[in-house]
Structures are given as structure tokens and as C-alpha cells.
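K.L.:
So TrEMBL has the following annotated:
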BINDING   B:Lys6, B:Phe7, B:Gly8, B:Gly9, B:Thr206, B:Asp207, B:Arg217  ATP binding site
BINDING   B:Thr50, B:Glu115  substrate binding site
DOMAIN    B:376-439  domain 'ACT'
2 protein chains.
Amino acid sequence: MIKVVKFGGSSLASATQFAKVGNIIKADPERKFVVPSAPGKRNSKDTKVTDMLYACYDLAEAEKDFSKELKKIKERYEAIINGLHLTLSLDDEFKIIEENFKKKAGSQYAASRGEYLNGIIMANYLGYDFVDSAEVIIFNEDGSFDADTTDKLLGERLSKLENAVVPGFYGATLGGVVKTFSRGGSDITGSLVSKAVHATAYENWTDVSGFLIADPRIIDNPKPIKVITYRELRELSYMGASVLHEDSVFPVRKAGIPINIRNTNAPDDEGTWIVESTCHHPAYTITGIAGKKGFVSVNIDKDMMNAEVGFGRKVLSAFEENGINFEHMPSGIDTMTVFVHEPEFAAKEQAVISAINRNAHPDSIEIEADLALIAVVGRGMKSTRGTAGRIFSALAHANVNVKMIDQGSSELNIIIGVSDNDFDTAIKAIYDIFVTTQL
Amino acid sequence: MIKVVKFGGSSLASATQFAKVGNIIKADPERKFVVPSAPGKRNSKDTKVTDMLYACYDLAEAEKDFSKELKKIKERYEAIINGLHLTLSLDDEFKIIEENFKKKAGSQYAASRGEYLNGIIMANYLGYDFVDSAEVIIFNEDGSFDADTTDKLLGERLSKLENAVVPGFYGATLGGVVKTFSRGGSDITGSLVSKAVHATAYENWTDVSGFLIADPRIIDNPKPIKVITYRELRELSYMGASVLHEDSVFPVRKAGIPINIRNTNAPDDEGTWIVESTCHHPAYTITGIAGKKGFVSVNIDKDMMNAEVGFGRKVLSAFEENGINFEHMPSGIDTMTVFVHEPEFAAKEQAVISAINRNAHPDSIEIEADLALIAVVGRGMKSTRGTAGRIFSALAHANVNVKMIDQGSSELNIIIGVSDNDFDTAIKAIYDIFVTTQL
């Protein structure tokens, strides 16, 4: 049984945090492979080491003196080393970095040193082997990721080791040029390592106890989600919930490895399990609520529209011609409404309207702005009758005017349109009815 | 103030019915122009005169003896004349009809005689002028209706008369060839007369006291609708409610003339007013419920679908290529569902699926049959918060599984998808919550 553990920047920002991480790893002998991020912020006014590296390298590239800045970075690491009472010197490493900065080795190389150095410290602290990701995470010359070669090299290398530290965020071309992942960062590395070693679980340690049912900026102390499917996760993340980047879950999802989101500062919390599918009965009927503001509805009326083959296609073509993606298209009888993102639509509004008129000859077109869409997501909704009734009764009691409802046959989510002004109220009302009052 | 009154076949099936009609017309001096249908059934085993005429003419066209059949038709009219104690003979009229049948004047001519003769009796009974529709309702040679010429001739002729009877259902070309309306029949004539005389109201007298909130085959004694807009009417009729044909309301709708559906057998009932728009507060939050069975849902999943410009259009093209009209297209995140009519879809199912695969490359396509769509329609829904909540709570209590919800920005209707088996239960539950318990 092998677990891969990835730690985020705030989990590794200081010696104190490193010590917590050490305890977590040692508490479970299955936690054999460790993927560290670069040191994050120690407090809200602090700077992440990665950002310090970018700034420092900018000076190098401008052929200005960067010694003071590099020294400060070195001090961050030394504070961790000293705090952990390690006998480790990074002098040689920093000499190489200084030389490479002078040679203008690239900002991706510069940024990657945050994880690289943290990985060295982590390996020393744990007594684990250190594997430089530049040797096992492989990019093509054009900067795209080479999944097959990576899986092969990473698998071969790690199969020979009892345990190891593999720094996140970067890799290199076979020619040795360091490249970083553009989005998802160390989460992707953790996912790749998990796949390569056929892990039984990929633990992703952060500073929150898993995903929350709703946005904590709207709901006080929302409950965490215990188990969520990839599908539900994607739905919540699409609607604005802050979760793992798509690219970072892809390798483990393909391999069927569950992800466990954990909190370094509350290691006893179970966190959230992300799985392909599950018979785990959710704690509440709904798994999560998420939403986004800033939508526009384009409401199109035409007598006998429903009898006109191709009408919907003609309307949608008008949006497509202008490169605008539609979000939802609820329809009544002789009326259809197309929901689009306001920023995308605003500039092309008149072009789209004239295209609709040209393509589909509607009787009228009405536009309403400042709308929000809310997704109520949950695999438990399909088997629970009355979910829709509870949602809309709750919204009515909260005096929220429902402007759009969309629920297809998948029954995994209901999309609700409300005015931007009603957004928070609506989310609170839905959270309360399903979670606070535990219906 | 001019009212046009049109009477359906059952209102004019016998002398007893004629007398009721006479009382209705005389009760209001504004009822100046009368549009009669042909005599309908006097009881459930009876035959409509129009059907007797078709059968009789078929014999004539086959050059068989039709004298017995024509005599029976004459007897129907004579029973009315005698019952009303009129001194009117139709001998000459029937001689002409017999000659024209022998000349094979056409089945449209034959059918039109039902209204023509009833109009003559009605004019005699009321002491009104008789205007033969063949002179004022004008068709083109190809059988299409000539609205402009009709409006001109009809207006000129009726402006010279204090009151008149204009038989429904037929007109003629300027060359004198009798033509009939294919659908909507006498209702269209009434509508045309109303427009031509700038009527203040078009009273359409039938055997029901207006439109009902729900189908009486599902709901016992459903309440009538007092005021309905054309828009609402169209929505209910599209979803299967039996109402006036589209063509028959078009002329009065254009002219802004309200229609009043009344019951000849209960003339004190107010019936239903059909209007363009109204500030009349509806008696209930909903105006009506209607629905149809026999839909299929095609549920299409694709990861990241929402980020793909043109995805919806590609899917809809697959239906359009096969000449299939879609009814509704609710969408979630990474999922969309297309509702189509089962009879239309079944034969082309595999062609559509393969076109979807070819056009849009989805991850999966699932088909569910035996679904019903229910439209809850009402202009009062927009201003009443909580309508959706009440609907879905009612359905939950009735153990109806809601498979689809669609409500666009018009907020004039909510479309609900349920299994065919739940159709009646669902309509009952919605009727009860809004009408029986008067919420």
C-alpha cells in the first residue's frame, strides 16, 4: 500500500510547518513518496519564495545586481534548516543558482528552484532519497508535457526506492532545460507520481480541511464535503468553486486513484475524498453549491418557434459566429433563453443580436444583465424526491425571484438563475434548507 | 358597439338549440352579426350534417343515386324550420344543390351547404339579412385565402347592413368556385367578420363554458379560465389543450379584438375571455396546465462541454439533418438533454445518434423513452414568488419523480418532464395545489 503525499506552500512555509508535515508523514508508513511545494507565505504580509525567485531573476535578466535578493531567499531556507536543527548547507546549490541566473537560464528555471531546494531540505529532514524532477518529469522542446516518457522514467526510478521526495511544479526536457507546469503546479506532480507508483491514495495536504459545501465568504463555517465524485467536483469548479485544476486530477482520475484533500494544520480531520464513483451515501442530499455572477440572458420569442425545425440551431449559430459560448438554453413554448457570460457578450452584443435576427427572424429579443447562475450539485439528488421542491420553497421564503431553472435528465445538478443582488441570499437559503436544518 | 357571435354545430343542431341561440342574440342588441355553423350532432349517435353532405356527394361523384341521402339532409333542416314554426321552404335551394351535385361541383361546395342552409334559416328566424359568404369571403384559384380582398368586400357589404347572418366555413373564388377553410372552419369566418366590422368583441358560442384550467379527462370538473392571453392560449394549445385553431384567432388578434368563449347551454356563465394582454389579476397563480405524452430524452455527456464553443449547435444540427424538431434542451454542466417527439424520433434514432457522434464527439449518449412534458402556464407566475417551490413540493408529495425542469426568462411557463406513468398524478398534484387548495 503506497500513499503519495503532496504538501502545498503554506504547509512548508516555515520550520514549524515542516515539523507538522514530518509528523504527518511519519504517522503513516504508507506515505512513501512526498511532493513538496516551495515555501509559501508565513503570514498575510509575507512573500512566497516563488515570487521572490521571479523578482530576483528579473533583475538578473536586466543585468542588474541581484545578490541582495538571492541572499534573502537563501535566508528563508536557512531559517527552515536551522529551525529543524539540520546539518545541511545550501551554499553549493545557491552558487550554481547564481551562475545560472547570470547565464539567464530562464524564468521557469528560476521559479522551479523554490520546489527544488525545498525538496532537498525535505529529503534531508525525512531521511528519504531526493529525486530531482528534472530527471523524471519530461517536457517536449516546445514546452508541452510528455506524459508517456514521464510515466516510464518516473516509474522506473521510483520503483527502485523505498521512499523519496520528488519536488513539485517542474520537470525538464530530455536535453536538460527546466520547464514548469503552467497551471496546477505541484498538484500535477503529485498526481503523476501517484500514477507512476500505482498509489492507493494521493493525499493532497493544504491549509483547509477539504472542500466545503459552499463558499465560506458567503456561508459562515460551511461544512466540509466528505466524498465527492470527479464529476461533481468538475461541476462545482466550473461554477466557480475553488478546487484542484483539471489538469492536476487527470492522471490519477485515469488511473482510478482517489484523492484525499487534507489539512496540515488539522491532520485529524478526514478531509475530502475525490473518487470516480462511490456508493458512499452523502451526508446531505446535496454535495455542494457554487455559482457565478455576471451573466446575461438573451430571451428570444417567436410565434410557432416550436414547430420550426432548426430554430434553436439558427439562434445558437449567431452566438457561435461571434465566438461566444452559451452556458444554458432553457426554453418554453415559443420562447428560448440563452445565457452567456457578460464580459464575453457585452462587446459583441449588437453583432449577436443582428445575427439572431438575420438567422432566425424572431418576433422579439430581450436582454437582461446582472444575472447569476447557481449550481446545486449532488449525486444524492437523483434518488431523493422533492429536492427541487425544497430548493424553490427555500428560495421563495427568502424572497428570491427565480429567473431561470434548468435541470436535465442527468439529475446531478439543478441550475438556477437569479439576479446578481439575490446571489448570496439564494446560496444561504439553499445551504440552510439542506445542511443547517439537515433536510 | 358591435358584437359578432359565432355558434358551433352543437348550438344549432335542432330547433330547441336554435331557440336558445335566438334568445341569446336577442338578449343583447349589440349582437349584430351572426356566424352559424352547420347543424351538429343532436346526441352522441347522431351524424353531423356536414358529414352527411360529404357522404351524399361521394355517391354523386360515383354517379350513384343520392336522392335518399339528400332527402335525409333536407329532413334535418325541415325539422328545425318546423320546430321554430317558420314559413320557409328550402325546396328551391335543394333543387339547386341536387343539380350542382350531379354536375360534380366538388366536395368543398358540398360541405359548404351545411352552413349555407343553416344561415338561411337563421336569417329568416332572426329577421336579419342573409349574406352568402361566397360573395364576401374570397379565395384565390389555388385554394389559398385572400385576406385583403375579403376584408375589403366583407367590410363594404356589412357596413350597409344593420345586422346580418354570414354562414361560416366557406367562401369562393372571384370566379364563384366555392372553397372551404381547411382547419378552424367557422371560427375563422367569425374572426374575419369581427375584423371587417371592427367588432368590440367576438363571441364564440360552443357547448362548454370556456376553456378549463386542466383536462377534464384527468381532473374532475376543472374550473374554467376567466381571462387568458393569446400567448398563454398558444402555450396551452401547443401542449395539447384543445382550443381554437391558430388560424382562427389570427385576424382578431391582429385587430386587437377580444374573443369570448361562451356556452349556448349556459348563457349566464361568463366563459373565457381571450385577450392580447390584460391587467386582470388571474383567479389563481396559474392560468392552465396542459401536457403531452410520448417524448424521448437524449442525454449527452461530454467533459468540458461547457467550454466548447459551438457544442450545442453541433448537437442540434444532428437532429435538424434528420428533420427532427427538438422540444426542449435543458443543460447542466458537461451535460445536455434534448427532448424530442417519440414517433418522429423513433424511426431515425440511430441516424441521429450517429450524427451526434460525428458532429460533436460526446463521451456518452443515453436515451430514455416514455416521457411526458407538462406545461404550467400563467402570466401570474412572474409576479408570484414561490410558484416553482409549490409545484415541485406538490410533485414530491405525490411521489412524482421530476426528470426535467425548464424555465426561461419569460417566466410565463415552467416545463416539467415526468415519466408517462406519472403524467396524470403530476397534473392532479399541480391542479390541487394551485386551484383546489387555492394557494
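Residue positions begin at 1 at the first shown residue.
Yeah, the Cβs are placed from backbone N, Cα and C, and that goes for glycine too.
Unlike curated records, TrEMBL annotations are generated automatically.
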K.L.:
Which whole-number mean pLDDT does the model give the domain 'ACT' (B:376-439)?
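P.N.:
Averaged over the domain 'ACT' (B:376-439), the predicted model reaches a pLDDT of 89.
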K.L.:
Could you tell me which of these binding-site residues, B:Glu115, B:Asp207, has the fewest other Cβ atoms within 10 Å of its Cβ?
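P.N.:
Taking B:Glu115, B:Asp207 as the binding-site residues, the minimal 10 Å Cβ count falls on B:Asp207.
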K.L.:
Given the binding-site residues B:Phe7, B:Gly8, B:Gly9, B:Thr206, B:Asp207, which one's Cα is the least distant from that of B:Thr50 (substrate binding site)?
P.N.:
B:Gly9
K.L.:
Report the DSSP secondary-structure composition of the domain 'ACT' (B:376-439) as helix, strand and coil residue counts.
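P.N.:
The domain 'ACT' (B:376-439) comes out at 31 helix, 13 strand, 20 coil.
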K.L.:
List the residues of the same chain that sit at least 6 positions away from B:Phe7 (ATP binding site) in sequence and have their Cβ under 8 Å from its Cβ, in sequence order, or write 'none'.
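P.N.:
Once residues fewer than 6 apart are set aside, B:Phe7 (ATP binding site) is near B:Val21, B:Val34, B:Val35, B:Pro36, B:Ser37, B:Trp205, B:Thr264.
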K.L.:
Reduce the DSSP letter at B:Phe7 (ATP binding site) to three states and note it down.
P.N.:
strand
K.L.:
Would you mind reading off the Cα separation of B:Lys6 (ATP binding site) from B:Glu115 (substrate binding site), to the nearest angstrom?
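P.N.:
So the alpha carbons of B:Lys6 (ATP binding site) and B:Glu115 (substrate binding site) sit roughly 12 Å from each other.
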K.L.:
If one measures from the C-alpha of B:Arg217 (ATP binding site) to the C-alpha of B:Glu115 (substrate binding site), what distance in angstrom results, rounded to a whole number?
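P.N.:
Cα to Cα, B:Arg217 (ATP binding site) and B:Glu115 (substrate binding site) are separated by 31 Å.
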K.L.:
What is the number of other Cβ atoms found within 10 Å of the Cβ of B:Arg217 (ATP binding site)?
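P.N.:
Excluding its own Cβ, B:Arg217 (ATP binding site) sees 8 Cβ atoms within 10 Å.
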K.L.:
Which whole number of Å gives the largest C-alpha distance between any two of B:Lys6, B:Phe7, B:Gly8, B:Gly9, B:Thr206, B:Asp207, B:Arg217, the residues noted as binding ATP?
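P.N.:
With B:Lys6, B:Phe7, B:Gly8, B:Gly9, B:Thr206, B:Asp207, B:Arg217 as the binding residues for ATP, the largest Cα distance is 26 Å.
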K.L.:
Tell me which of the binding-site residues B:Gly9, B:Thr206, B:Asp207 ends up closest to B:Glu115 (substrate binding site) in space, Cα to Cα.
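P.N.:
Among B:Gly9, B:Thr206, B:Asp207, B:Gly9.
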K.L.:
According to DSSP, which of helix, strand or coil covers B:Thr50 (substrate binding site)?
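P.N.:
B:Thr50 (substrate binding site) sits in a helix per DSSP.
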K.L.:
Ranked by the number of other Cβ atoms within 10 Å of their own Cβ, which of the binding-site residues B:Gly8, B:Gly9 ranks first?
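P.N.:
Result of the Cβ crowding comparison: B:Gly9.
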